[in-house]
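K.L.:
As annotated in TrEMBL:
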type: BINDING; residues: ASN90, GLY91, MET92, VAL93, VAL219; note: FAD binding site
type: DOMAIN; residues: 80-103; note: domain 'Glucose-methanol-choline oxidoreductase N-terminal'
Amino acid sequence: MEEFDFVIVGAGSAGCIVAYRLAEKGHSVCVLEAGPEDRNIYIRIPAGIVKTSTNDRLLWKFEHQPAPNTNNRTIPLIQGKMIGGGSSLNGMVYSRGQAGDFNLWASRGAEGWDYHSVLPYFRKYERFRDGDADPAYRGREGRVQTSRQPRRDPLCEAFIAAAQADGIPANPDYNGRVQEGVGYAQATIHRGQRSSSARAYLHPARRELGVRVITGAQVRRVLVEDGRATGVEFSREGSDRAETVTARRCTIVSAGTANTAKLLQLSGIGPAALLKEHGIPVLRDLPVGENFSDHYACRVVARVKPRYKTVNQLSRGLNLVGEVAKWLLDLPSILGMSSMSVYGFCKMQPGTADNDYCVTFTPASLKAGLTRKLDDFPGVTSGGWRLRPESRGHVRLRSADWRDAPLVQPNHLGEESDRAITIAAIRRCHRILTGAAMRDYVEVMELPKTPPATEDEWLDYVRQYGSTAYHLVGTCTMGAADDPKAVVDPRLRLRGIEGLRVIDASVMPTTPSGNTNASTTMIAEKASDMLLEDYPRT
């Protein structure tokens, strides 16, 4: 049995950072990761997401359970299962969200998580070297490389101009002082390669600081003795034999929103009725798995005129040879693109304080379904979603078997306000693509082929064609010590269990307006400082 100062479950976006920061101050650290190393070349190449997102060895495969508001469809859901977790699998779009997101957290009892308090941690981890960046908001010396899309495309330029013609202001830096507006997307990409938490933090932590990493190690439960977490029990890939690793100071769960909830429930920490249903002794009756939220995205697709080349054409034949050559020469290439090329924050009503939905654009289109296969025609896609969904679902055990995936029910579009704002977002995307400013570029709409005529028809479209944005949060929400809905306190300590913390997207009380990797990385940096304050090196 091995023993360390800290044991971290999950080498994802958060776990990699916490491991580095603790080891940097002389603590011994062990990280357990269920997936493999991140050596697959497609992880490093941004466009490689079309390969990694269909590679079962690199994925946690869940399903959004059927719900009436999404036409009772079962929606596939994947999460990263490898060193780097989501930061090694995601679309790399870098979007922090809005200041109001974090002020809302603080107003709901997450003291110390207001925007003024979290901004230094956003700046701490990023290295954004664009010359016009405002240093009051952007970091230049961090470990995660962020950048604007270097590849300029006439279709992207046309969409940005069309969005402005439709009333959306230009904004070259939506991660700066102001979020409203449209511009080229920013991404965790540097010189055409993915900048993951693994490459930025965990690899140097292993190489230089002696962090122990065990891959292929699925944690079965957190071990608790006399009200204190003492470590974890795990099994290696291909084996059912239980092994243990002990934490002298603190056990940290960073397994991701779905798996963190599942692991705590398996450990006897969760809703008492659920645990009893599965024959699990109740250690703490807490709302683990509740308050689950995810962005629900919908898209429209257009066929552009033959004289324009989209990624659909550039990724085939001699065109692809040319793009590979550009990538190898460190030139802008489709291989170095993030999943979105244009990103915009929009308001339902001008003059309101915060933005309500986003619009996105990419000069590519995928076949129907989650096949990751490009359309044969020259296609472009615009999508959108409500930034702060109010619908709430849950993540619950399927059984008491640690090998079984949890049941995931986001309850998408469960609230009327979510339905209304999602419809407004997708109608805006459709209006921009079909407007006069895009007339020289767009030949015909492919999805929908016939535009819905009424609000009810748009709702039917959204229910049928929307899907997850893979932005899972909230199952171990943080809040005040006396908040019955809170699982962890503002220092991310699990209520009622000593020596146990949760550090990942599951602690977010509400969904941030941006893609969740940025906020998860911020949480990890801030939580690391809290750990170092509470567990000084002796």
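Glycine residues also receive a Cβ, built from the backbone N, Cα and C atoms like all the rest.
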K.L.:
What same-chain residues lie close to the domain 'Glucose-methanol-choline oxidoreductase N-terminal' (80-103): Cβ under 8 Å, and 6 or more beyond its ends?
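P.N.:
Distant contacts of the domain 'Glucose-methanol-choline oxidoreductase N-terminal' (80-103): 10-13, 15-16, 33-38, 40, 43, 46, 49, 52-53, 57-60, 113-115, 117-118, 122, 126, 146, 174-175, 179, 185-189, 194, 196-199, 202, 213, 215, 256, 338-340, 343, 345, 353-355, 387-388, 470, 510, 512-515, 517-522.
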K.L.:
When DSSP is mapped onto helix/strand/coil, what comes out for VAL219 (FAD binding site)?
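P.N.:
It is in a strand.
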K.L.:
For MET92 (FAD binding site), just give me the three-state DSSP call.
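P.N.:
Coil, per DSSP.
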K.L.:
Considering each pair of residues in ASN90, GLY91, MET92, VAL93, VAL219, all listed as binding FAD, report the largest CA to CA distance in Å, no decimals.
P.N.:
30
K.L.:
Over all shown protein chains, what is the count of other CB atoms within 10 A of the CB belonging to VAL93 (FAD binding site)?
P.N.:
22
K.L.:
Average pLDDT across the domain 'Glucose-methanol-choline oxidoreductase N-terminal' (80-103)?
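P.N.:
Across the domain 'Glucose-methanol-choline oxidoreductase N-terminal' (80-103), the average pLDDT comes out at 98.
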K.L.:
Are there any residues at least 6 positions away along the chain from MET92 (FAD binding site) with a Cβ closer than 8 Å to its Cβ? List them or say none.
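P.N.:
Counting only residues 6 or more apart in sequence, the Cβ neighbours of MET92 (FAD binding site) under 8 Å are PRO46, ALA187, THR188, ILE189, ARG194, SER338, SER339.
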K.L.:
Measuring CB to CB from VAL219 (FAD binding site), give everything in the same chain under 8 Å that is also at least six residues away in sequence.
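P.N.:
The answer is VAL9, LEU32, ALA34, VAL232, GLU233, PHE234, ALA255, LEU263.
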K.L.:
Where among the binding-site residues ASN90, GLY91 do you find the Cβ with the fewest other Cβ atoms within 10 Å?
P.N.:
GLY91
